[in-house]
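Listed in TrEMBL:
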| type | residues | note |
| --- | --- | --- |
| TRANSMEM | 12-33 | transmembrane segment |
| DOMAIN | 17-462 | domain 'Major facilitator superfamily (MFS) profile' |
| TRANSMEM | 112-132 | transmembrane segment |
| TRANSMEM | 138-165 | transmembrane segment |
| TRANSMEM | 177-200 | transmembrane segment |
| TRANSMEM | 206-226 | transmembrane segment |
| TRANSMEM | 264-288 | transmembrane segment |
| TRANSMEM | 308-332 | transmembrane segment |
| TRANSMEM | 344-363 | transmembrane segment |
| TRANSMEM | 369-388 | transmembrane segment |
| TRANSMEM | 400-423 | transmembrane segment |
| TRANSMEM | 435-456 | transmembrane segment |
Amino acid sequence: MLSGWQLTVSKFFIIPQRVVLAIFGFLAILNAYTMRICLSIAITEMVNKTGSIDHDEGVCPIDDDANPEDFTGGEFNWDQELQGVILSSFYWGYVLTHLPGGILAEKFGGKWTLSLGILSTAFFTLITPWAVNLGGSTALIVIRVMMGLGEGTTFPALSALLASWIPLKERSKLGSLVFGGGLVGTIVGNLVSGLLLHNIDGWSSVFYFFGGLGIFWFVLFTLLCYSDPESHPFISDKEKAYLKQEMGVLSRDKTLPPTPWRHILTSVPMIGLVCAQIGHDWGFFIMVTDLPKYMSDVLRFSIKDNGLYSSLPYLLMWIVALSTGVLSDWLISTGRMTITFGRKLFTTIASAGPAFFIVGASYAGCDRALVVALFTLAMGFMGTFYPGMKVNPLDLSPNYAGSLMAVTNGIGAITGIIVPYVVGIMTPNHSIEEWRLVFWIAFAVFHVTNLAYVMWASGEVQPWNTPHLMNKSVESGDLKQQDTYSEKAVPAAIKASQ
């Protein structure tokens, strides 16, 4: 029972603490993405482009009423390949801290694993201008690697937090809200970066602005959010009782055996999930990392328009993610659709739609309005990834959701290393024809990885979620004799693990 100051503080909150956590989780990813992607806009103003204004073939003409100074760029002579290396360097560090982040979040809780990672990313974002002016491209690459190391804990830690706080019936809705922070972060990052670069001389302002926001979030989050309901000092008794009823337990099970890596890495649904993550990330990183360069180098948008039009696709994607999250929860809770079918359906929509529309955009030529519309529709369809494969780790194993997210997101993030570098090599002249091949490759990746997910995915809690309760046949590696949990038995499965 709450008493004294705890009861007083709890009365200030008009929404449940699990929703407070979800909002701060949303803001965590929002901050993470603004710090991650602001360089994609800023680099178009950092790199000198005076040699390519008048005589590039295969790119769109500059509007007659445009200001030529908007297309001269900055002081650094970095070619397309080096720009690809710079943009990909973030992911060199990012992939390394996924597994440690997931393990730490499961063992000690997600609060500090998440918050300290965001804090370190914010610090390195703040010192980016100083480092670049001191050491050029080499220093920038080092800073981006360090930022990736800090941000790599974000998704594993958040998965562990959501598994501790969010009941099954709210998982798609609140999960889509939280993970949709990446979309809003991309919108804010592109839009605000464009405005800052247009109105303030130099390119340093974007790093100071977003780094400062990251530190502000850290202070609020550490004061208001906790790793699980049991450790929360001012959660209401009513919400505590509700979560106890829905989830069976209110704290992490500290007696769980070590993460059953052998069963996880050989699990067919897990392999399908990894494939879907690779497909999603391949297409998403092309858009997040390289769309601003396409807008600038091929369509010849000014920096202000670049920020605006680069952000539009993610606005629609966010709206679709939230609305289909609510739709998915309703279809599942009313029995109109199983969890497994729902995850496969929404993931397929999120693969097929973007694949066709981004290829279509490459055939729209210099019709700027049509190209922006097609890219926007592509990312809108991609929003259904969130009630699809994005929340799937919580289905497969609530107890080890952090480790599952670490594996899937970590492997998927390797595409963040590959994609910008490949795009840089494939588009030395940044022509429409070169970019068209980039989009056709993405088309193939989308469809192949989605086929694997449709064949192998599952929405059921897997037996290795409670490895100490698995029967001998499972312990010996024979999964054929073992009964799996039903999709409706998640709370019971969690309770049985205590």
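Every residue, even glycine, has its Cβ placed from backbone N, Cα and C.
Among the stretches 12-33, 177-200, 308-332, the one making the largest number of Cβ pairs under 8 Å with the transmembrane segment (206-226) is 12-33.
By number of Cβ pairs under 8 Å, the transmembrane segment (369-388) is matched best by 344-363 from the list 177-200, 308-332, 344-363, 435-456.
Beyond its flanks by at least six residues, the transmembrane segment (435-456) meets 268-269, 271-273, 275-276, 278-280, 282-283, 286, 290, 294, 298, 344, 347-348, 351-352, 354-356, 358-359, 361-363, 389, 422-423, 426-427 of its own chain at Cβ-Cβ distances under 8 Å. Sequence-distant neighbours of the transmembrane segment (264-288) (same chain, 6+ residues past either end, Cβ-Cβ under 8 Å): 33, 37, 40, 186, 313, 347, 350-351, 354-355, 358, 375, 378-379, 382, 385, 388-390, 392-393, 396-397, 400, 403-404, 407-409, 411-413, 415-416, 419-420, 423, 438-439, 442, 445-446, 448-450, 452-458, 460, 462, 464.
Within its own chain, the transmembrane segment (177-200) is flanked in space by residues 22-23, 25-38, 40-42, 45, 158, 162, 206, 209-210, 288, 292, 302-308, 310-311, 314-315, 317-318, 321-322, 325, 383, 386, 390-391, which lie at least six positions past its ends and keep a Cβ under 8 Å from the stretch. Long-range neighbours of the transmembrane segment (400-423) within the same chain, counting only residues 6 or more positions beyond its ends whose Cβ lies under 8 Å from a Cβ of the stretch, are 81, 83-85, 87-88, 90-92, 94-95, 98-99, 101-103, 105-106, 110, 152, 155-160, 162-163, 259-260, 264-265, 270, 273-274, 277-278, 280-282, 285-286, 289-290, 393-394, 438, 464-465. Mean per-residue pLDDT, taken over the domain 'Major facilitator superfamily (MFS) profile' (17-462), amounts to 87.
Taking Cβ pairs closer than 8 Å, the transmembrane segment (12-33) reaches residues 114-115, 118, 121-122, 151, 154-155, 158, 161-162, 165-166, 170, 174, 177-182, 184-186, 188-189, 210, 213-214, 217, 220-221, 224-225, 229, 232, 234-236, 239, 243, 288 in its own chain, all 6 or more past its ends.
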